[in-house]
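Student: Below you'll find the structure I mean.
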Amino acid sequence: MANNNDSPEPATFSSTFSLTIPRIDIRRTSSDTQLDKVQIKSASVYNIHGLSGSQHSLSVPPIHKDVVGYRGSNEFILTDDKQSTMDQIKAIGPWARRKCKNMCRRKILYKRVPVLNWLPKYNMDDAVGDLVAGITVGLTVIPQALAYSSIAGLPAAYGLYGSFIGCFVYILLGSCKDVPMGPTAIASLLTFQACDGVWQRAVLLCFLTGLIELLMGLFGLGFLIDFVSGPVSSGFTSAVSLIILSSQVKDLLGIAAKGNTFIEQWSSIIDDIHNTQVGDALMGFICIVVLLLMRLLPRIKVGPPDACDQSVAQKIINKSLWLIGTARNAIIVVVCGGIGAAFYENGKEPFRMIGDVPSGLPSVQAPPFSVPEVRDANGTIVQEYESFGDMLQGLGSMLIVIPLIALLENIAICKAFADGKPVDATQELIAIGVSNIANSFVQGYPGTGALSRGAVNNASGVRTPFGGLYTGLLVILALLFFTPYFFYIPRAALAAIIIAAVIFMIEVRVVKPMWRSKKTDLIPGIATFIACLALPLEYGILVGIGLNILFILYHAARPKIHMDQAVTPCGVKYLMLTPDRCLIFPSVDYVRNLINKHGLKSQIPVVIDCTHIYGADFTAAQVIDTLIKDFKSRNQLLLFLNLKPSVGNVFEGADLEYRVFYDFEQLDKAIQECRRKSIPA
């Protein structure tokens, strides 16, 4: 073991590792396993060798000539082996080859194709659970797909076209068993705002959205959703829910109304409300009430609360109530469709119906890269020709907003049912990206996992992503055999289904805990909510993200500085100032003014404790240089304590003349010596 003499000796601390530090003075502390004071006479780049033969590297950056101490560790041997910049550049090629080789490893394959993990362990219990869940979700998906296509401004068939291929793709690539791929209310509204009811744009948007999601996944850009905070997400979701609800009022009342934003929609509704159709309104409101009541059925339990204590009859009743409540949308569609068919006579429609839905599966073809010109019988241009460039220009920022929102929706499902397991955002991006690319080849529009269907999936006992197979097959059966009957479904019934669902997406419940937790979080949340109602949605969410960034920058620009007055063993007083975060360009002038203020007031030596400063930039180094000159001009001592090597590198690069210590004993000696000589540092 090294002692306090001036000659360095090899020091062995355990049977596993030994520590040899050439040209370094080591001073033993009271602990058997820690080096407290190390005086570094030279610094370089060292290689770390374990006695087992493994090799690692540790970069110890050059330290200022006034450094008198450094904290070390007893776990490694440090030897001189400094690499030049050219050596590091040459190492890029081997590093890239290793990365490419790692991508082909079996571990990566199993990570990126999750079906390989669970399929070999698939058993009969899994098959039964997936079958029940898949059929149950399918009964939910079909009426939702018909309803969501109206939100997107597209014919009803396009909702079904986007509801089956994605389910099959997700079986192979999806990492969460509870995610049912398909159209969602938010994605449908965003599609409407981007495409304005032109199906060619919607299909191309699906392809480009999937491509962007796939690229984001391959490049590991899932972290981008971290910039959308909880309050912003809540404000956005609540505003979208109100906009979707408003978009369905026209079908609920049987009137004609248009508009992209909340204000435009209600202005149009008020202008045409005198044309309300009594039959549509009556059916719509009755359906809403019935749906809300049926939603409560799964909560009703007959018999003892524990299923093990229930009789067979009680179990059957409870399962029946649960199934009726879960399949409420399908039941409403069937009943209202029957009513519409019963009252339909010779082309006279008692209600506004969704009309003809093409029978059969969509043709498999590449997504359209242009919009053809369409003329009516009189030769008037109904739809103008659009090139691929025109279509891209029209889609605009939605090409970024929709993938991010789709990822947010998908991750929300994964986290809700993950049971504490980590969620792989990168894999989910790859899964929904490939799903949307596949959907675009069967004329689907952008989709992702829906939280409402995810809850049904989970409650139905889904065991693996294989449940999506039965959901997709059910949609295919509907397209093949039931589309003629979809003609009679009243639009008011579909509007009621959407309204009964989205009213629970308005996140009023988060306001109270947010107010009690941190009131300032309400500002970006409320601002996002208002902006999304008044402006197009992409601008609304940008407002929320922008406000969040401003809050982050403000906190970064206003670090807290803890002040303590300390005394050396010889009775010399000095001021210890401890900033609580990194020194970056927005904050350095503020920090400099505070330190100067306390220094002028006290007129005693000042020590800046850099324990919590984990980073700095060139601007910070320049301002710190000015601060050092300020103290030097008034002959006041300024010292630094526990400066991180990375921060020291920044200061060294800017040629700062400063004194830094890593030991209170040496710090006290320096303060006493400078005070005794009455000269600045």
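Using the three backbone atoms N, Cα and C, a Cβ is placed for every residue, glycine included.
Please treat TrEMBL annotations as automatic predictions, because they have not gone through curation.
Straight out of TrEMBL:
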type     : residues : note
TRANSMEM : 127-146  : transmembrane segment
TRANSMEM : 152-173  : transmembrane segment
TRANSMEM : 202-225  : transmembrane segment
TRANSMEM : 281-300  : transmembrane segment
TRANSMEM : 321-344  : transmembrane segment
TRANSMEM : 391-408  : transmembrane segment
TRANSMEM : 467-487  : transmembrane segment
TRANSMEM : 493-511  : transmembrane segment
TRANSMEM : 523-554  : transmembrane segment
DOMAIN   : 606-674  : domain 'STAS'
Student: Among 202-225, 321-344, 391-408, 467-487, 523-554, point out the range having the most Cβ pairs under 8 angstroms from the transmembrane segment (127-146).
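Tutor: It is 467-487 that shares the most Cβ pairs under 8 Å with the transmembrane segment (127-146).
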Student: Taking the transmembrane segment (202-225) as the first stretch and the transmembrane segment (391-408) as the second, find out whether 3 or more Cβ pairs fall under 8 Å, excluding pairs closer than 6 in sequence.
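Tutor: Contact between the transmembrane segment (202-225) and the transmembrane segment (391-408): present.
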Student: In this predicted model, what is the average pLDDT of the domain 'STAS' (606-674)?
Tutor: 84
Student: Can you find at least 3 Cβ pairs under 8 Å between the transmembrane segment (467-487) and the transmembrane segment (152-173), where each pair is 6 or more residues apart in sequence?
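Tutor: Yes; at least 3 Cβ pairs under 8 Å.
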Student: Report yes or no: does the transmembrane segment (391-408) come within contact of the transmembrane segment (523-554), defined as 3 or more CB pairs under 8 Å with a sequence separation of 6 or more?
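Tutor: The transmembrane segment (523-554) and the transmembrane segment (391-408): touching, yes.
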Student: Run the contact check on the transmembrane segment (321-344) against the transmembrane segment (281-300): 3 or more C-beta pairs under 8 Å, excluding pairs closer than 6 in sequence.
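Tutor: Checked: the transmembrane segment (321-344) vs the transmembrane segment (281-300), in contact.
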Student: May I have the DSSP-based helix, strand and coil counts for the residues of the domain 'STAS' (606-674)?
Tutor: 36 helix, 11 strand, 22 coil
